[in-house]
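K.L.:
Annotations for this protein, taken from TrEMBL, read as follows:
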BINDING   Glu81, Gly82, Thr83, Arg113, Gln127, Glu131, Arg258, Tyr262, Tyr263  L-histidine binding site
DOMAIN    20-346  domain 'Aminoacyl-transfer RNA synthetases class-II family profile'
Amino acid sequence: MSYAIPRGTQDILPGQSEKWQRIEALIHDLCRRYNYKEIRTPMFEQTELFARGVGDTTDIVQKEMYTFKDRGDRSLTLRPEGTASVVRSFVENKMHGLPDQPVKLYYTGPMFRYERPQSGRMRQFVQFGVEALGSADPQIDGEVLALAMDFYKEIGLQNVKLVINSLGDKDSRTAHKEALISHFKPRINEFCSDCQSRLEKNPLRILDCKKDRDHELMGTAPSILDYLNDASKEYFEHVQKALESMGIAYVIDPTLVRGLDYYNNTAFEIMLEGDGFGAITTLAGGGRYNGLVEEIGGPETPGIGFALSIERVLMALEAQQVELQTVNQLDVYLVSLGDEPKDKTPEIIHSLRAQGISCDTDYMDKKMKAQMKAANRQQAKYVFILGEDELDQQSVMVKEMATGEQTLVPLATIMSDAASIVTT
Ligand code: HAM
């Protein structure tokens, strides 16, 4: 019997994992600067949370959830996204009562969607997302968008385009919905069964249909921007003003519809322009979701957020041949020769590690030459050589690999003040 990794998942091996750590470090630092605090929620939730939160006419809920019964016969679902869970936690922990509003949160972690796997589309992928709950100030929309754009800028990605739209408030959406129904209804039998069933309930979803994307009625569908009432229009203008004041370029695309139901007013996606990235060019998506907190059982609370997947960031970096700065070097490799020196190695490497120095040694009973080769492969900055002679002198031969320079250093110095010898 041989085992294979499940479709749509991946192992992240050494060589790749350093890149993940680098990206994660940037995420934590960026969120610290923007004053967003980390939240960690469970990997699974009650199925009903996503049905209500994400919306039961969405592809995610209809086709993509990993849903199972536990031994207590409860229906649970592996989270397909983070927003519903964060909102559930916000309500459950009564964060609306906290003195500092809005509550600004971020998360990273695996999400699960039963999708047809292809490059950039996985069944398990890691999202970085932020959610700002409690403020309806268009400037916070600007802040969330700026954070997302800064992430790509700081990671070194080029040709990143911010696309925004307004889906309007409830009243604007109701008017637009009616217009969409009248537009599609007479010829709805020319559309796929999903579109047909979504017509009355959620016609906006039709605009997001992949199968019928080229139908002539798609291009002539009524634009939401023509149905925005004054309040929604003004809100959208203020968001744009905030972006402009930060020097963040954007384009407006009135056909931008998100794949989740909870959005209103601001909706946005971040796309990668240019060749070499395959069919999927969306790097991130998000928007405002006033009403979701109430839907999940909390008090009326506005919210906005976005999420991106780290897999797509890595793909984009690769397509643009951007090398992430990763630390892969070992400070010290300790080579020992003979039984007594070997007996001494645990004490020395333990002390070095306690002094903040990365180090390793041989556990394969290798000869001196093979140990030196191992040190080279690990790109050790220094090799410490401990043979019978050195031990007799209570010293270690320190070789700086870049220069080839060798110095005999007292063991006492190495054990108490290695930093005076090793520059990390
Ligand atoms: P979403 O558009 O479904 O939104 O996903 C956001 C991002 O997650 C996508 O732009 C993409 O980078 C990544 N993503 C989605 N599915 C996959 C997949 N199968 N494989 C790889 N990457 C994927 C949300 O999830 C919302 N919760 C975003 C949000 C937060 N809105 C408000 N707050």
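The backbone N, Cα and C atoms fix where each Cβ goes, glycine too.
Bear in mind that TrEMBL entries carry predicted annotations, made automatically and left uncurated.
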K.L.:
Any idea which of the binding-site residues Thr83, Gln127 has the thinnest Cβ neighbourhood at 10 Å?
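P.N.:
So among Thr83, Gln127, the binding-site residues given, the one with the fewest Cβ atoms within 10 Å is Gln127.
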K.L.:
Could you find out if DSSP has Gln127 (L-histidine binding site) as helix, strand or coil?
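P.N.:
Note: Gln127 (L-histidine binding site) is in a strand by DSSP.
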K.L.:
Just how many other Cβ atoms lie inside 10 Å of the Cβ on Tyr263 (L-histidine binding site)?
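P.N.:
So the Cβ neighbour count for Tyr263 (L-histidine binding site) comes to 26.
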K.L.:
Counting every protein chain present, what is the number of Cβ atoms, excluding its own, within 10 Å of the Cβ of Arg258 (L-histidine binding site)?
P.N.:
19
K.L.:
List the binding-site residues Thr83, Gln127, Tyr263 whose Cβ sits under 6 Å from any atom of ligand 1, in sequence order.
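P.N.:
Checking each Cβ against ligand 1, the ones under 6 Å are Thr83, Gln127.
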K.L.:
Give me the count of other Cβ atoms within 10 A of the Cβ belonging to Glu81 (L-histidine binding site).
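P.N.:
Taking every protein chain into account, the count is 20.
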K.L.:
Hey, what's the widest CA-to-CA gap across Glu81, Gly82, Thr83, Arg113, Gln127, Glu131, Arg258, Tyr262, Tyr263, the L-histidine contacts in the record, in Å?
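P.N.:
Largest Cα to Cα distance for the L-histidine-binding set is 21 Å.
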